[in-house]
Each structure stands twice: as structure tokens, then as C-alpha cells.
Amino acid sequence: MNPYILTTLLFGLGLGTTLTFASSHWLLAWMGLEINTLAIIPLMAHHHHPRAVEATTKYFLAQATAAATLLFASTTNAWLTGQWDVQQMTHPLPTTMIVIALALKIGLAPMHSWLPEVLQGLDLTTGLILSTWQKLAPFTLLLQIQMTNPMPLIIIGLLSTLIGGWGGLNQTQLRKILAYSSIAHLGWMVLILQFSPLLSLLTLLTYFTMTFSTFLIFKVNKATTINTLAISWTKTPVLTALAPLVLLSLGGLPPLTGFMPKWFILQELTKQDLPALATLTALTALLSLYFYLRLSYAMTLTMFPNNLIGITPWRFYSPQSTLPLAVSTAATTLLLPLAPAALALLIT
């Protein structure tokens, strides 16, 4: 892609997200979401591959449906209450419709079915943008909505953790596994959204760090399926040794960074007199942990047969920059000792 066009599209992504961040009016927030969607569509389709075009079409239809629902709900709220302000959602009908529209925007269950199919048709770089940056603006709007009844968000969050864990069990495509991982992690964030917004934000930032590392590891290895992970040991032995730590951090195992937000979320749910919900949510994490362990096994305990044709591509030097990967991998595995500082910030 032409660098000027790429710069313009990335500027559009930043502009749309910033506009949604800064807006207190639903019409401006909707405009920011639309700019965001229109900026990423050329990035998704620029390979001109049939799968990329199909994924772009599915993404456009899902986002257009969510945007139309959001605009209709905000107009209904203005008609019923006379308010266009994002933080003045008092009527339950438009509030529920907006939550459903934003859930469709970011791929929460049960409006999740487009996300694995879209992510499967994209390259890893665009998939990384879709899994991280594109979730910022809708999640910010979710943070600003004050719901009197947290039950819809609890149901959506619990369904997302269940479907995100269950859907990834029988997958062999890495991008689909990452899509179901995204659904499960977003479920954890939405569960705690009404009780502790700062904790949801901490979980989102931690998820971004872990997902950034995972996508870059797969990009360095040029891996798209579980079977192709088996050759990564010969290509990048140090990175392959660190990859299970990144994957287990995504699963939320101590003493890795990913354990911190899940620990805080379970603690907060217990404080809110929801021990059954906390127990069920912790059990759903085991589903996700299974396919992370499966990926770790494929990378570290499976050796691909080394024939002459297979060894040839391993002789070439990779021109990719490894500094972002090194920083994000260190953050993904080593930040748990900062948990007391994070907890102090959440309390204050």
C-alpha cells in the first residue's frame, strides 16, 4: 500500500477513536465510530484476496448494523428524555439497545459470530488492529453508560466467557483461536464494568499487551495454524521458549501478568456478594486455558521433521523489528509484582 494512503488511513483510525473519546453527545460519538470503521475497511481489503474481501464485507455489515442501532437508540433516548448526553441515559429501553449495539461493535456474545470469521480472513497485522485499537472507542462508551440494573451486562459477560472458551476448543486456525480469546477476555471486562470501571480499564490494557505479544510472535513465525507452530523451534528458539509464558499469561496463570486482572475481578465479584458468579467465571477460564496449553504444547513439545526443503527458509534473516515484541513480552510476563500498586490506584 502507498505510504501516503496508509498514513491517511491510520490518521483516520486515530481521529475516529479520539473523536469518540472526546464526545459527550451521542451524534458525535456515532460519527467517531463511523470514521473508525471507514478507515479500517481499506486496510482489511488491500490484499484483494477473496477471503479478505469477504471478511471486509462481513465486518462492514456488522458495524453498519451496530451503528444504525446505536443511532436509533440515541434518537429514541432524545425523544423520550430530551437528552443527547452520553452520561444521561436514564430510560431502560434506549440504554439496553445501546448496550446491544456496542456489544455487536466489539464482538461480545451472543452478537459475536462475525468476529472469528472476519479475523480469519485478515492478515495478522490488520487482525491485531481489529483486536486492540478498534475496541477502544466502543468500550469507552460502555464505560460512560450508567445502568441502574447491571444484570444485562452480567449476562452478556458470562455468555462471552463461556462462548469464548467453548468456541476455541476445536479450532486449529490461530486467528480464530485469538478471536475466541478476545471474546472471553471482553466477557471478563464487561462482568465487572458496572462495579469497578477502573478495573475494567486495567483488564483492557493488560489484554492489549498480551494480545500484542501473541500476534507478533505468530507474525515473526509466519504461523496461521497450530501445525505450523511446530517449526518455530528451529526458526526462533528463544522466542519459542518465551511463547508458552505469553500464552499462559493470556490464560491467567500466576505468576504471570495475566493473573492480576482476573484475580482482582474475582475478588471484586466476591465483595459484591456474587460468589456463585465468581466461581462460574473462574471455571470458564479453564476452557480458555485448555487451548492456550494446546498451543504451548504445539510450539515447545512438538518437533517438525527437518528435511532439506524445510530447512531452507530458516536460513534467511528476518528483517522484522524485535524491539516492540521484546517490550510487550516482558510486560506480559513480569508485571505481576506491580499488582499492589495497581490495587492501590483502583482503591483511590
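Note that Cβ sites are derived from N, Cα and C of the backbone, with glycine treated the same way.
The domain 'NADH:quinone oxidoreductase/Mrp antiporter transmembrane' annotation in TrEMBL covers 23-287.
Per TrEMBL, domain 'NADH dehydrogenase subunit 2 C-terminal' is recorded for 289-342.
Within the chain, the transmembrane segment (60-80) has long-range Cβ neighbours (under 8 A, six or more residues past its boundaries) at 26-27, 30, 33-34, 37, 41, 89, 91, 93-95, 97-98, 100-102, 104-105, 114, 118. As annotated by TrEMBL, transmembrane segment applies to 60-80 (among others).
Summarising the annotation, TrEMBL assigns transmembrane segment to 92-115 (among others).
TrEMBL lists 151-170 (among others) with the feature transmembrane segment. Cβ atoms under 8 Å from those of the transmembrane segment (151-170) belong to residues 96, 99, 103, 108-110, 112, 116, 176-177, 180-194, 277, 280-281, 284-288, 290-291 of the same chain, restricted to positions at least 6 beyond its ends.
The transmembrane segment feature in TrEMBL is assigned to 177-195 (among others). Long-range contacts of the transmembrane segment (177-195) within the same chain, counting only residues at least 6 positions beyond its ends with a Cβ under 8 Å from a Cβ of the stretch, are 103, 106-109, 112, 115-116, 118-120, 127, 131, 135, 139, 142-143, 147, 150, 153-154, 156-165, 167-168, 171, 203-204, 207, 211, 214-215, 250, 261-262, 265, 268-269, 272, 277, 281, 284-285, 287-288, 291-292, 295.
The transmembrane segment annotation in TrEMBL covers 201-218 (among others).
As annotated by TrEMBL, transmembrane segment applies to 238-256 (among others). A Cβ distance under 8 Å defines the sequence-distant neighbours of the transmembrane segment (238-256), meaning residues of its chain 6+ beyond its ends; these are 181, 185, 210-211, 213-214, 217, 220-221, 232, 262-263, 285, 288-289, 292-293, 295-296, 299-300, 325, 329, 332-333, 336.
Residues or ranges marked as transmembrane segment by TrEMBL: 276-293 (among others).
The feature transmembrane segment is assigned by TrEMBL to 325-347 (among others). Long-range contacts of the transmembrane segment (325-347) within the same chain: residues 196, 198-199, 202, 206, 209-210, 212-213, 216-217, 220, 239, 242, 245-246, 249, 254-260, 263-264, each at least 6 residues beyond the stretch ends and with a Cβ under 8 Å from a Cβ of the stretch.
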### Averaged pLDDT, computed only over the residues in the domain 'NADH dehydrogenase subunit 2 C-terminal' (289-342)
78
### Summary
In the same chain, residues at least 6 away from the ends of the transmembrane segment (92-115) whose Cβ sits under 8 Å of its Cβ atoms read 33, 58-59, 61-63, 65-67, 69-70, 72-74, 76-77, 80, 134-135, 138-139, 141-142, 145, 147-149, 152-153, 156-157, 159-160, 162-164, 179, 182-183, 186-187, 190
